[in-house]
Every structure is written in C-alpha cells, then in structure tokens.
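Trainee: According to Swiss-Prot, the protein has these features:
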type: BINDING; residues: G22, I24, T52, T53, S54, A58, A59, L60, T187, R284, G311, G312, G314, T316; note: FAD binding site
type: BINDING; residues: Y227, R284, G312; note: D-proline binding site
type: BINDING; residues: Y227, R284, G312; note: D-serine binding site
type: BINDING; residues: R284, G312; note: D-dopa binding site
Amino acid sequence: MNQNKNNNNKNPKINLLIIGCGCIGLSTGIIALKSGNYKSVSIWAKDLPPNTTSNKAAALWYPFLCNPLDLVGKWSAETMQYYKDHIINDPKSGTITKKVNEIFRRPHPEDPEWKPYIKSFRRARKDELPDGYVDGYAIDDGFVMDTDMYMDYLVDQFKSLGGIIEQRHLVDIREAFVDHDVVVNCTGLGSRELFNDRTIYPGRGQIIVIKNSTDRSIMDEEDHIAYVIPRLTNTVLGGTNQEHDYNTNPTKKDTEEILKRVAMISPRFAKNRIEIQGVKVGLRPARHEIRLENEFFEGGSKLVVHNYGHGGSGFTVSWGCAIEAIKLVDQGLPKLLHFNKLISKL
C-alpha cells in the first residue's frame, strides 16, 4: 500500500472510526491517514497510553505466540520494512536496532515457517550460544522499542496527521454505528465482550525492567519462557505466558522464577548483579490466530474490519496488519455503499 497520500481510491471519502488505542489501533490509524482516502479518522478507546497493554510489553520485533505463521511472516516482514523506512531514524520513537537470538537446548534442525520472509535470518553461531545450548536462530537487524516512548510517538504521529483520539468505553458496537458506517476493531482482548469472541483469552505476561544493558536480545521459549531485551533506556527480563489468567498484579513468585530462568541464558543478569527499576504485567490478546477480516452488520449497512488477536507479536506485525486492515476497508466499501444506495431508494 502506498504510504503517501493519494486520491486513487474511487470510493467516496468517509469518516473512519478505530476502536482501540494500543500499537495496533494507532498504527492502523496512521496508515489510514497517510492514504488520504478518508474524510476523518478517529480513535475511541477505554484505555489510552500510557495505560494500554502495549505500554506493558517487552516490545521486541520477533514473531512470538502468534498464528498463522505464514501470514505472520508476511506481516512481520512488512512491519520490519516500515520501521526501517519511517521510524528507526527518528530518535523520538525510542526504537533501536538489536541482534536477536532464539536459542535451544536440543538440536533444532528445522527453520521457522516465517524464515522466507526475513532476509537477515540465519542459524546462530556457536559463540552466540550460552553454556547448555546447542542450536539457535539469529536475526542481525531486529528492532526493540522503549514502549512508553514509542507509544507517545505513535500518538503524536496520529494527531499530527489530523487524527482525533477520544477516551470512550464502548459496551455495544451499535453505539459506534450511530455516526459511523465503517469501524476498525483493534480492541484486542476487549473483543471477547464487544464482539462475543470466546476464542480470545488473556495470556498473562510479567516482565522485569532493569537498569543494566547488553548488546543483543536473547530468548528461550523451548520449555519455559526466558528472554533478555535491551532497549534504549533500560533492559527487560521476562517472562511468563499464563493462559486464561486475568491477574494484572505482579507476583513475587513470578519475579523470582523469571530471574532464575534469565540467569541460565545470560549469567550476567543473575539476581545479585542487576538493578531492578520496576515490574509490569500485561494481558496478551491470545487467540488461535489473528483475526483480520471484514464483517458486515445490520443487514449489510455497517462494516467492521477486525484487526485483533496478535498474541505476543503486536509490535512485530503491527504495520503489516495495519496496511492489510485498510486494504480490507477499501475492499468492503463498494458492497457497503451499494447496499446503502439501494436502501435509500426504497
């Protein structure tokens, strides 16, 4: 999709509403505004930065806890390219390039399904493997985001392009339909209630933010989750993925277990060598696969484009999914407009 403004879209301009103000909703809004195809673009959300799930994420570019893997690969590659073209050179974004290693204690001869989409993918060298690890992957040009800086950056970008943000909690999608014919649903876990999607559930993630730093991200998700993610101003240690757990309070038990696992993949981050700055908990929008599709309501007179269920890969697929979501809006508009034209003649 062309990120520059264009008037090639033959559909009449409409007022577009996006529900949700995490990295998915904001990215989608920015892509919509850059297209120049909409009369206005607004975001309604129950929670705004810095109080979103996105603000509590480790924010490493790497496909993680997300399906379907073939499309995740495509959207991840598109997101990586967007970071390179539009974000990485802006210091206000809090985004930096860091090498990423995923490591394995057992031989892992198969490559990930998303490998064909990532040109920089390679097998890890022996010198990149900690003691006790025998195999691994490497990406030399991955990205990490300081989440608070990055989310503020997205808000500023959205508003500077003319976007409007309103803190508003929807309990019924029909509230949105009063003034909008097209809505993009980026509510994540909120889709469980707003759209009665019982296939989405929380994947509780707890992270530890420390002052120390390192030169690469490293992760082990083979048996238990352990990762070290150096960001611009701090480093994140993680983590957990406790399915169907709604507890948003940090627990001492999880903190202790995270520190033990992290010390195994990177001994320099043993408990007695780090300075803890904080502990955060976020609920990942876990689902069997990302939902990115059109759904018509009220007999075909209203269109909802769903863009949720990104699991642990929200920052990894955000721009690719945003581009796809706006394509779906444009594809659904002719049917919507045809239906409304017929109704107006009755």
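Quick reminder: no glycine exception, Cβ is built from N, Cα and C everywhere.
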Trainee: With the D-proline site defined by the record as Y227, R284, G312, how many Å span the farthest pair of C-alpha atoms?
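Mentor: With Y227, R284, G312 as the binding residues for D-proline, the largest Cα distance is 16 Å.
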Trainee: Please list, in sequence order, the residues in the chain of R284 (D-proline binding site) that are at least six apart in sequence and whose C-beta is under 8 Å away from its C-beta.
Mentor: T53, L65, P202, G203, R204, G205, N241, G311, G312, G314
Trainee: Taking 10 A as the limit, how many CB atoms besides its own sit near the CB of G311 (FAD binding site)?
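Mentor: Taking every protein chain into account, the count is 24.
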Trainee: Using the recorded D-serine site (Y227, R284, G312) as reference, state which further residues of the same chain have their Cβ within 8 Å of the centre of those residues' Cβ atoms, listed in sequence order.
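Mentor: Here the nearby residues are A57, A58, F64, L65, G203, G205, I225, G238, G239, N241, G311, S313.
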Trainee: Same-chain residues six or more away whose CB lies under 8 A from the CB of A59 (FAD binding site)?
Mentor: V144, M145, D146, T147, Y150, I229, R231, V236, F315
Trainee: I'm trying to understand the geometry here, so how far is the Cα atom of T187 (FAD binding site) from the Cα atom of Y227 (D-proline binding site), in Å to the nearest whole number?
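Mentor: Here the two Cα atoms lie 27 Å apart.
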Trainee: Give me the Cα-Cα distance between S54 (FAD binding site) and Y227 (D-proline binding site), rounded to a whole Å.
Mentor: 18
Trainee: Between the binding-site residues T52, S54, where is the Cβ count within 10 Å the lowest?
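Mentor: Sparsest of the binding-site residues T52, S54 by Cβ contacts within 10 Å: T52.
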Trainee: For Y227 (D-proline binding site), what residues in its own chain, 6 or more apart in sequence, show a Cβ-Cβ distance under 8 Å?
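Mentor: In sequence order, A58, L60, S217, I218, M219, D220, E221, V236, L237, G238, G239, V262, I265 meet the Cβ cut-off.
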Trainee: Which chain-mates of G22 (FAD binding site) that are at least 6 residues away have a CB under 8 A from its CB, listed by sequence?
Mentor: T52, T53, S54, M151, C186, G188, G314
Trainee: Given that the record lists G22, I24, T52, T53, S54, A58, A59, L60, T187, R284, G311, G312, G314, T316 as binding FAD, what is the largest C-alpha to C-alpha distance among them, in Å?
Mentor: 21
